[in-house]
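Notes for the one structure printed next.
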Amino acid sequence: MARRLSSPSPSPVTITISPTAKDGSGRRAALRKSTGLTSPVPRHSTASPHSSSRRDRYLSASETDTSSDFVHYTVHIPPTPDHPAATGNAAPALSTESIPGPDRSFISGTIFTGGLNCVTRARHVLGSTSDTAKSNGLNCKMQGCDGTPFRIDNRAKAPCECGFVICKDCYMECLSTSSTCPGCKEPYQASLSDESEVEEDEEEEEEEGRDRVLPLTSMVWSVKVPSSKPAEFDHSRWLFETKGTYGYGNALWPKDGGRKGNNNVGVHGGFEGFEEPPNFGAKCRRPLTRKIGVSQAILSPYRLLIAIRLVALGFFLTWRIRHPNWEAAWLWGMSVTCEIWFAFSWLLDQLPKLCPVNRATDLTVLKERYESPTVRNPKGRSDLPGMDVFVSTADPEKEPPLVTANTILSILAVDYPVEKLACYLSDDGGALLTFEALAETASFARTWVPFCCKHDIEPRNPEAYFGQKRDFLKNKVRLDFVRERRKVKREYDEFKVRINSLPDSIRRRSDAYNAHDELVARKKMEENGENVGDAKFVRATWMADGSHWPGTWLTAGPDHSRGDHAGIIQVMLAPPPSEPVMGGDSLPETANCCIDTRGIDTRLPMLVYVSREKRPGYDHNKKAGAMNALVRTSAVMSNGPFILNLDCDHYVANSVALREGLCFMLDRGGDRVCYVQFPQRFEGIDPSDRYANHNLVFFDVTMRAMDGLQGPMYVGTGCIFRRTALYGFNPPRATEHSGWFGRRKIKLFFKRQETMGKKHDRKREHDVMIPSVQDGAAGSGDCTEDDDIESAALLPKRFGSSASLAASIPVAEFQGRLLQDLPGTQQGRPSGALTDCSTRAIGCCHCC
Ligand SMILES: O=c1ccn([C@@H]2O[C@H](COP(=O)(O)OP(=O)(O)O[C@H]3O[C@H](CO)[C@@H](O)[C@H](O)[C@H]3O)[C@@H](O)[C@H]2O)c(=O)[nH]1
Ligand SMILES: [Mn+2]
């Protein structure tokens, strides 16, 4: 039984399927439920008359446990703008009301497809993209008003510290009535009477506002940042050129030591007339990482053993050569050659291992340096750089979607500032199954992630966590832990059932739609008097909203087969707001009924589904190609300066791993680090490791030993990269060998060879300079005009003609710098930057 396509209404389709799915505990999966299969919004917002309450669901699960041999699966088909619901119907599944402002365009603007042979499509979003401010949710937030907010430099700006966006009329009204911000109920800082004043005084207001919220009031009054508009001032250059310092002791610091009076001058002061700075940074000067030598007790015997073996080997080879066997000379010759070769290769293998190193990170220092309140960052907002996590999957049959889903969940739940994290799934199979599994994952993440954060769950892969044999109560202090764990486990079991029944439900849905289409086509042909017998009908794969899946079809069709389909991008979870959204304050739709999220930040990181375009005749380069596509897509969407890649069958086993990786990147000298490789640990294989499947020698010995030399190698996955290194730019300070004796430090980043002889031409092509971010995408502060033109001309040659991609490069470089003390840092591309450029970035010829 299927709903007719021609009369779209959000009534669910009940499909009866044979009971194939079993959940983890072996219990027969017999659940009656309503699922909005492609809806990344919380499941309970898809409320329909058919969906029972949660408690009922559990009850019905146990009731039908033994009695039913069939699963009643209710597929809720959400209405969409192209298939609008009949008026007066129940609330649409993709209820925009349930999503706070900025998220709207991402949730309703679902799928982006496009590429070489087809125009870029952005379905469902047409209405909201017409007005950028609207699509970003940046219109006036007053109830019943959607006026244009204050604009400064084309950016909407809130007149209040709390970020409540408001239009001019409403602002004036508020001022005249209560003078308080309708968002935070705090009084507005300055009352402004007319429009010009509003615009002109914005900067001053900003400064006043900054002073107001600073807790360190005694210090702040005299610290004047040299420029009122920080983005235009290059602080690092200023520091470098003037040898100035900020804060205590700088040129602007008063000699008399400020309000408190100064009794210390001349006593502690290093320079006459300047106050000795208090020791603020004693802790922050501590390094983020430490190199720990391997204990001599282990190394010395090991080295001795190698020396003894070497000597023995020497004696043996000498003896061998001195005692030739002339009766079988060729045999003797062969063995000697082979033995010498083996000895040599053994030596090559041993020598690098003489000096292995361990490294340790200090996460408390990272927290102090980047996440504690400072003068410039009074709220202690995280200053960590953005991080994009890439997961690749290729075939939903060989790589089960449940495994991929668990990987994604472990990423979404990592301990990293949510607004700085973005997760991308590359689906090389272009399969609707992976797509819908990801939508389900996004939905389950709303329960799983707050649960992990609340109770410090480790590991944050639900399958691994619930499968643990050890006592789960260890180190758990919260009283509601046991109850919530039980609930979440049950949710997870249901989630597994849903994922495992997806192949069936997709097939059945498609069959129903196809049968209906075929019937209509047959009728038409009969009416026209055509021969129906030998007609062939296209068997499409249908999405839950009643449209064709743009990727690979179950029965391959033209333009929908493996290796021949359009590119697809779908944002499953919109970029989160920058302020924490505590569970208790959230709207009832987003409230989590499974666990008590009061006081827990319920935001989730951005999650994007990407399936790159594939066309015959192009080499897609397997995983490398998928990674390239993700690098370009993420550049125009979130542009995290660091990238972590994982296979779909891996997961983040330690929730602070990302932070630990970044310690190496952000430590002193870290700007020379291009990537940080994590070791891999394996599960589900022989625990006694009889066949060395755990790869311990490789990850725990060889890689550490290589680290002691020049650094470990990239093993193809589980690696944090510096984005600009992937673009092929040289690190800011490359340490290069110049000959055998010693090293030479060269500065390649912003400097170029003065001489422009022919010899340099080839080199120049590889050392493309990253244009300075202060001067926009095409200009460089240190370079002449000629250089600008040259680098601007080289960028499209290497990265295609996408202006957004080119513009994202210097931003990524800027944000990846060591200290985030550069003001005005734009955190990634604005969330509304999802344009047709990102679909062109996943095009197979990459000629956007
Ligand atoms: O066309 C393809 C083929 C593969 N993959 C992905 O690449 C990853 C690795 O492929 P797999 O066949 O599983 O290789 P393995 O031998 O299991 O993986 C190891 O070896 C690979 C190189 O041989 C590395 O890329 C992997 O990171 C490393 O884990 C998987 O996530 C796949 O989904 C794609 O995205 N597109
Ligand atoms: Mn693999």
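Including glycine, each Cβ sits where the backbone N, Cα and C put it.
TrEMBL labels come from automatic prediction, so no person has curated them.
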Additional site residue, D428, D596, D601 [criterion: listed by TrEMBL with S392, K398, E399, K622 for UDP-alpha-D-glucose]: D428
Neighbourhood of ligand 2 - binding-site residues from S392, K398, E399, D647 with Cβ under 6 Å: D647
Three-state secondary structure, E399 (UDP-alpha-D-glucose binding site) (per DSSP): coil
D647 (Mn(2+) binding site) and K622 (UDP-alpha-D-glucose binding site), distance between Cα atoms, whole Å: 13
Neighbour tally for E399 (UDP-alpha-D-glucose binding site), based on other Cβ positions within 10 Å of its Cβ: 20
K398 (UDP-alpha-D-glucose binding site) versus K623 (Mn(2+) binding site) - Cα distance in angstrom: 15
Close-lying binding-site residues around ligand 1 among S392, K398, D647, where CB distance stays under 6 Å: S392, D647
Those residues of the chain, 6+ apart, with a Cβ under 8 Å from that of D647 (Mn(2+) binding site): V391, S392, T407, T717
Reduced DSSP assignment, D647 (Mn(2+) binding site): strand
Among K622, K623 [binding-site residues], residue with fewest other Cβ within 10 Å: K622
Sorted by sequence, non-S392, K398, E399, D428, K622 residues with Cβ within 8 Å of centre, UDP-alpha-D-glucose: T393, A394, D395, G429, K623, A626, C648
